[in-house]
C-alpha cells in the first residue's frame, strides 16, 4: 500500500507581480519544503488556488515541481472536478506524468448524493488503476459530506489508499477508522485537529502550517507515535495559535502573507480572494515573532 508520510504540505502557488504563475519560485519553495519536514507536496489543491488556475498551468506545475523534488519527496496532484469526465481526463494526464498520487475532492456546487459520489470516485480510480488516489472531504467548501460508509466502500477499490478528512468531525474520523483496514490512511485536513485525529487512528496531516513549521509537525507526530503524548500535546498547544491565525480569513490568503513575512516572493491570491487585510497580517506577524519564525531583520 502506498504511504505518503506523516506531513504532507498543501503547497501555495506563487505568482509574479503580473499575476502569472511563477514556476521558478514554485520549484524553490517545493525544494525548501521537502528539506524542512515535508514528506509529500500536494500541488493544486485548495491552498494552491486550483479554482483560479487553468489546467495548462496545473500540468506545468506538476512537471516542474516533480523535477524539483525528485528523489527527495513525493508529489500528489490535485486533479479533482465536479465533472467526472473532466476529473478523469485530468487524472489520466497526471498518471502520464508518473506522479505519486492524485487528490480527488468531493464534487462541489452540484452536491451529488452518496450513490453518485461512490460512482464518481470509483470511475476516476478505475481509469488510473496504477495511480494512488486520496479522497478529499471538505464539506465546508463543497456543500456535501462524504459519508464514512461511502469512504469505507471506496477504500475497497485497490488504488484508493487514503482520505484527507477536513469535515472537522472527530466522530466521523472515528467511524472511518472503524470501517476501514489499518493500511487505509486518514490525514487531517486541519492543522489544529492533527493531534486529536491521531488519537483516533489518523496517520498525519495535509498541512498549511507546514510551510512554516514542517519540522515541528514531524516532531509532534513522531512524539505521539512513540508514546510521548504529553510532549506531543505541548507542541500542539504551542502551535495552536498559529494554526488558528492562518485561518482567520479564507485560506490561502494568510499563508501567503506569512510567506511574504518570511521573505518569500509568492504574490497575492488571484481574485476573488485577493490580499490579506493589514490588521490580520500584523497579528500574524506578532505570532510568528513569538515563535521565532521571522527573519532577523523583520522580527
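Including glycine, each Cβ sits where the backbone N, Cα and C put it.
The site 'Part of a proton relay during catalysis' feature in TrEMBL is assigned to 46, 109. Marked as pyruvate binding site by TrEMBL: 47, 206. If you look up TrEMBL, you'll see 136 marked as active site, proton donor/acceptor. Taken from TrEMBL, the feature active site, schiff-base intermediate with substrate covers 164.
All features noted in TrEMBL, drawn onto the structure.
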residue : record                                         : Cβ contacts under 8 Å, 6 or more apart
46      : site 'Part of a proton relay during catalysis' : 10, 78, 105, 138, 141, 251, 252
47      : pyruvate binding site                          : 10, 11, 12, 208, 251, 252, 255
109     : site 'Part of a proton relay during catalysis' : 82, 142, 143
136     : active site, proton donor/acceptor             : 45, 80, 103, 104, 105, 106, 163, 164, 166, 189
206     : pyruvate binding site                          : 8, 9, 10, 42, 45, 164, 187, 188, 189
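Under the three-state DSSP scheme, the residue listed as 'active site, schiff-base intermediate with substrate' falls in the strand class.
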